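I have placed the structure first, in the form of structure tokens, so that the comments after it can refer back to it.
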Amino acid sequence: MGTGNWSQVTEFIILGFPQLQGVQTYLFLLLLLIYLTTILGNLLIFLVVRLDTRLHTPMYHFVSILSFLELGYTAATIPKMLANLLSEKKTISFSGCLLQIYFFHSLGATECYLLTAMAYDRYLAICRPLHYPVLMNPTRCAKIAVGCWLGGLAGPVAEISLVSRLPFCGPNHIQHIFCDFPPVLSLACTDTSINVLVDFIINSCKILATFLLILSSYLQIIRTVLRIPSAAGKKKAFSTCASHLTVVLIFYGSILFMYVRLKKSYSLDYDRALAVVYSVLTPFLNPFIYSLRNKEIKEAMRRQLKRTGTLG
């Protein structure tokens, strides 16, 4: 295609849920409530873990980082989604779209690595308890956390670089609720097979590798727990994994179907629904999962409330 036949697209229009145009205000209020709850819930868990010395253990160190991560993860997409629900012109600049994709995928990758580190932590605590204090000391915890962040932030650089070089000459309507690689690639006016292949390989390696590592850790944990003679001991061991495993199943259950596929084989509404699960519902549910199912965090919250005078 000659360069004289087209002009470069400078902005995109995010369509969101076009079939729900009549209830945009209600969707805005619902999403705003979910977002505020997500912020308050994750911020509360982060502060409680940081302020309560009894929770200064590797497991809760990773939980606090996950809560902090969710604040950035949701900030990458939800504020723009809220603005679009009330705006007549649901636009985002080309550079803004690429930035949204970068932060969403880099923080999502960081979450994959962090959930894997949390599974490894539970494996060491249950399967190798005598060596646990040495193998998971504060220095190693800090190094693992930094490694998760660095790996995540570096993850989408190659994909973003390839997309930034593509020509976009129209149409510019993104059939999704936020900017993401698949819907943006579908708008390029050139062959994107290399981009699709690179995206598939990177996502497959990142998502499948971390999921298999988590699965491997839990298989070892199950084998060890089943050897515990007492029912109380088994229950205690499994209870330390329940919250993490719940989060893993919700998060990976949606992103595996969304990103580990070479061809688009599902409807646009299906993709939008999956996007709501991993971008909105998972961060929203995390504070409830970790607070309602975790006795130590609930007790730490009570101690902090008593300390501030909120509880008598």
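From the backbone N, Cα and C atoms, a Cβ is placed for every residue, glycine too.
Taken from TrEMBL as is:
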- 41-290: domain 'G-protein coupled receptors family 1 profile' (DOMAIN)
- 26-48: transmembrane segment (TRANSMEM)
- 60-79: transmembrane segment (TRANSMEM)
- 99-120: transmembrane segment (TRANSMEM)
- 141-158: transmembrane segment (TRANSMEM)
- 207-226: transmembrane segment (TRANSMEM)
- 238-260: transmembrane segment (TRANSMEM)
- 272-292: transmembrane segment (TRANSMEM)
Worksheet item: Roughly where does the domain 'G-protein coupled receptors family 1 profile' (41-290) sit in mean pLDDT, to the nearest integer?
Response: 89
Response to the item:
Counting only residues at least 6 beyond its ends, the same-chain positions whose CB falls under 8 A of a CB in the transmembrane segment (26-48) are 17, 20, 55, 63-64, 67-68, 70-71, 74, 78-79, 81-82, 85-86, 280-281, 283-284, 286-288, 290-291, 297, 300-301, 304
Discussion item. Below 8 Å between Cβ atoms, which of the listed ranges 99-120, 238-260, 272-292 makes the most pairs with the transmembrane segment (141-158)?
Written reply: 99-120
